[in-house]
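Enquirer: Submitted below is the structure of interest, expressed as structure tokens.
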């Protein structure tokens, strides 16, 4: 049984790793040219982002139905490997629970055969069994310590991976991804902030948990669809989600604030020379840091007490400006104060937050 768990776990693990999530073809455009107005354009892949796809900085490609980039499989979890990845998250805790049961019963049996009760004390002799002179497996102190350590690993894996499985099943049963859940939350915040009165309905929820489940898990192991076109619920537009993404992107540009670098910053994750508070409050994120030179211009979109996230403007000539995104220390920059005649903010950018 334990070998069976191991084979199934490794099969789904390597399937998720080597099959991959599936990528949007380079240079892809929708069949109808007028649909391009509803989609974002990826400058790296030189193609439009298909519905539910996102560009992964680690894979350097636009991933179909991207959920997240997983460092443990060194690949993205998306359209083609979402089922294999979720099965791995299910089977790994089940196998670890089985292994934990074996470890607990083994240690209990071995200790029971080596324990002696006296009138005033309880003694454990790990050198030999008291009741069973012929143990099946020699069990000394080192073996007991190794079994105890393995039990801790098995229980830790059960809890950690089991929580990830629960999270994945929640988004699968609503036919969403982790990124799409975040987009939906931001849509609610945007509507509430501007009081537009509109209602955002997630278009890919089929209205039934079973139907949503079948969008990922099939008997053939091949997910439904082609990863580019998706079935939608009644009353929704094919590009409802991408239209909302464009609105959020425009809102982010409007609410961004221009800063100018007043100190150099090397781009280190934990800069020692920028103060103790900056050092110990570095963002716990895989998002990159950007190096700054004095005089650089940055459009900040969000921030913490001692860090900010934004885009460094490398070419401010036009809308197609090349920008570098990442975190940087707040103390290295100051807000720009514009002169009405010489220095004007870019289009859609607010002077004050």
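Every residue number used here counts from 1 along the chain in the order it is shown.
Cβ from N, Cα, C; glycine included.
All TrEMBL annotations are machine predictions without curation.
According to TrEMBL, the transmembrane segment annotation covers 6-24, 87-108, 136-167. Residues annotated as domain 'SH3' in TrEMBL: 254-338.
Quick one: where do these features end up spatially?
Expert: Sequence-distant contacts of the transmembrane segment (6-24) (same chain, at least 6 residues past either end, Cβ-Cβ under 8 Å): 45, 47, 49-50, 53, 59, 61-66, 70, 73-82, 84-85, 87-88, 91-92, 95, 227-228.
Beyond its flanks by at least six residues, the transmembrane segment (87-108) meets 1-2, 5-6, 8-9, 12-13, 16, 137, 139, 144, 147-148, 150-151, 154-155, 157-158, 161-162, 164-165, 168 of its own chain at Cβ-Cβ distances under 8 Å.
When Cβ-Cβ distances below 8 Å are used as the criterion, the transmembrane segment (136-167) is approached by residues 86, 89-90, 92-93, 96-97, 99-100, 103-104, 106-107, 110-111, 126-127, 178 of the same chain, each at least six residues removed from its ends.
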Enquirer: Using DSSP, how many residues in the domain 'SH3' (254-338) fall into helix, strand and coil?
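Expert: Here the numbers are 10 helix, 32 strand, 43 coil.
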